Every structure is written in C-alpha cells, then in structure tokens.
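Chemist: Got these off TrEMBL a minute ago, pasting:
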DISULFID  CYS152-CYS188  disulfide bond
DISULFID  CYS329-CYS366  disulfide bond
DOMAIN    37-176  domain 'Lysosome-associated membrane glycoprotein 2-like luminal'
DOMAIN    216-355  domain 'Lysosome-associated membrane glycoprotein 2-like luminal'
DOMAIN    375-406  domain 'Lysosome-associated membrane glycoprotein 2-like transmembrane'
TRANSMEM  373-396  transmembrane segment
Amino acid sequence: MLCFRLFPVPGSGLVLVCLVLGALRSYALELTLQDSGKATCLYAKWQMTFRVRYETTNKTYKTQTISDLGAVTYNGSCGDDQSGPRIAVQFRSGFSWIANFTKAASTYSIDSISFSYNTSDNTTFPDAKDKGMHTVYQPLAINIPLNELFRCNSLSTLEDNDVVQHYWDVHVQAFVQNGTVSKMEFLCDKDKTSTVVPTVHTTVPSPTTTPTPRKPEAGTYSVNNGNGTCLLATMGLQLNITQDKVASVININPNTTHSTGSCQSHTALLRLNSSTIKYLDFVFAVKNENRFYLKEVNVSMNLVNGSVFSIANNNLSYWDAPLGSSYMCNKEQTVSVSGAFQINTFDLRVQPFNVIEGKYSTAQDCSADDDNFLVPIAVGAALAGVLILVLLAYFIGLKRHHAGYQQF
C-alpha cells in the first residue's frame, strides 16, 4: 500500500489518501479521507477506464482507450458547510477525474462525476485536430442511505458524446459516521439482479463437483489505442475453479462479456469483465526482443454462493510465438494459473503486438509445440539406434576374433 499525506484542505483538516495497486495493470484505486481529528470521513475503492473518440488531422476519427493512468496525484475534501465531500484524481498530462457527494436528511448521494482530458497530450492523442482541454460532466444523483456502503461490482457505463466511462468494483461511503466504515451494504441495481441464491442440499459430498458444461462459444476481443487495434484475441474460455473443496466449471459467454485493455511496447493487457467477473486479465510480455508470451493471469469474480474468488499469477509461460505473428491453437489447451484455478481454451488465436490494419498476422500453430517436443525424442531414438548397432558390431567382431584363435 502506498500512502500519500497531502496538504491540509481548508475546512476539512488533514487528508490521508492511500492507493492500493493490485495485480499488474488492474488499476484498482482505494482511498480514505480523514478530517482534522483524523477520523475517517470518506472511503472509496473503484476501478475505471475511459474511451475517447476524437477527430484527427486527417479528418478521420480514432478511439483511444485510457486504462493505464500512469503517475497519479490526489486531492480531496471531507466537505464543510458550503460544499460536500469530493474526490479528485489527476493523472497523465492534464487529465483529471472528480466525484462530488451531497447529503440529505437520511441519505447521501453520489451527485456528479466530471472527467477532463487533454488532447494536447501528444502521447495519448498524437494526431488530434483540436488541441486543448475537454470536460464531460455527468449528473448521477445516486441516493444511498446514511451509514451504508454503496457497492457495485458490476460494470457501469456512462456515455456522453465522444467519451465512454467504465466503472466496476465500486465501494464507496461518504459522510462516514464515527470514523468507522459501515459493514452494511447498499447494492446497485445490477448487483441486485445478478445475485443468485444458491440451492442448499441436505447431503453434500466432499469435494463437490459440477457437471462439465459443453464446449464454450468462442468470442472475439480487441484492444484499441491511438493508432487503431493493437491487440486481437479469439477464444472460447472455460474456467475451472475450486474453492472450499467445491469445484465449479464456468463457460464465459462472449455476448455478455466486455473487453478493455492497454498496449505498451513490451507489455499488453486484455481485460474481460461481465456482471459476475470483476476482471479477468491476460497480460502479455516480450522476451528476447523477438518473441511474446502470456506472462500473467489475474481474476476476481463473484461465485453463486456469494463469495469472491480472486487469484493472480505473474510467472506464467504460455502461448509463445514470434513478434509480428499470432499464436493459434484450435485444440483444447489448459492454462494452469494455480491449483485452484485453470482456464481451458478452445479455438484460440491471439496477437498482442504488431497488429496491422486490425487483422491477424501469420499464425504459429500449437502443433509446432508438439513437433518441437518430438524432435529431441527422435534424435535420442536415433542415437540409441546407432549405439545399439555399434555394440552389436563390436560383439560380433569380438566373437570372430576368439573363433580365429581356437583354430590353432
């Protein structure tokens, strides 16, 4: 946990902000605001990405996804008689995000959210026609009972002309009473509808297994940056989860699954989420400057029994292929993330780097992996055969040699 102690904010006293960085590029933000008496007044944890459509100097339109916030600075206030609490986040070059809260007699509200971005930032918008600051303002008026924590794990989307904002894994409480964050939760509508009450059986075998679902439907996912599509993936995904000796097999439905991500020179992220999956991250990396591979998988999702399942592994080595090509495997493969979590893939094709015109490059098929595995076996068998022939020739020659001596 990285903690930043900021300058006192007028009317609110000292503010303490803590940022928790989860798995690579998960961008989970968590903060606590304290008043002058060091009592907690506001708590928030959330994840967010932005997608901005802009006009280029060539009079075409591009879409830039902003999921890597880069260096982040913070400000905030517990509020006073004139204004309510607020959260302010600054990132990249001139980007900012602000959330405002208000209070009524028995409720408090997430009143509004504003997002400002700077098209003069040549790293993010290198070919933008109109340079300068742009701000979108979204009134929300989400009413929450006082002394309850607002929770919305499901994906929420705000759209305003050229800007789409995605939020998930949101936990927030303003006007915290007695400095203690409430354990009572007020759920957003999507979380209410996605909550499934598990069936309770009188006899449960240990461990419990569920029937294996049919082969999952393959979905096509992509990530865009300022220059177009930078990552492509097509795959059917089947999750194998074991928690508390209960095994579950879950097929991912591509029709209800949303994809975001980011592309850097040596790393790329594909993030999938849905109403039950907070995030399923596939992180790719470059090795030896000429090959790519799947280096990391992170997952956090809600199970039908109401529990949260989370696993991360940043020391994997799957789907290895040369840069400038794609990796393809039509047969079933298993990515073993941990003893409790495996991913079966079907009809897989992925290219996390050097995508040209939004199309896959020549594929390296996983059958080549099998061929590579057979090569040392074939060589070893050939050497063993040669060794046997040499030994046979030696013993035959030795026998003839002794037979010659017996004739004298």
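Glycine is no exception: its Cβ is also placed from the backbone N, Cα and C atoms.
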Chemist: When you measure from the Cβ of CYS152 (disulfide bond), which residues in the chain that are at least 6 apart have a Cβ under 8 Å away?
Modeler: TYR167, TRP168, VAL170, LEU187, CYS188, LYS190, ASP191
Chemist: Can you tell me how many other Cβ atoms are located within 10 Å of the Cβ belonging to CYS366 (disulfide bond)?
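Modeler: There are 20 such Cβ atoms around CYS366 (disulfide bond).
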Chemist: Summarise the domain 'Lysosome-associated membrane glycoprotein 2-like luminal' (37-176) as counts of helix, strand and coil residues per DSSP.
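Modeler: Tallying H, G and I as helix, E and B as strand, the rest coil: 0 helix, 91 strand, 49 coil.
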Chemist: Highest Cβ count within 10 Å among the disulfide-bonded residues CYS188, CYS329: which residue is it?
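Modeler: It comes out as CYS329.
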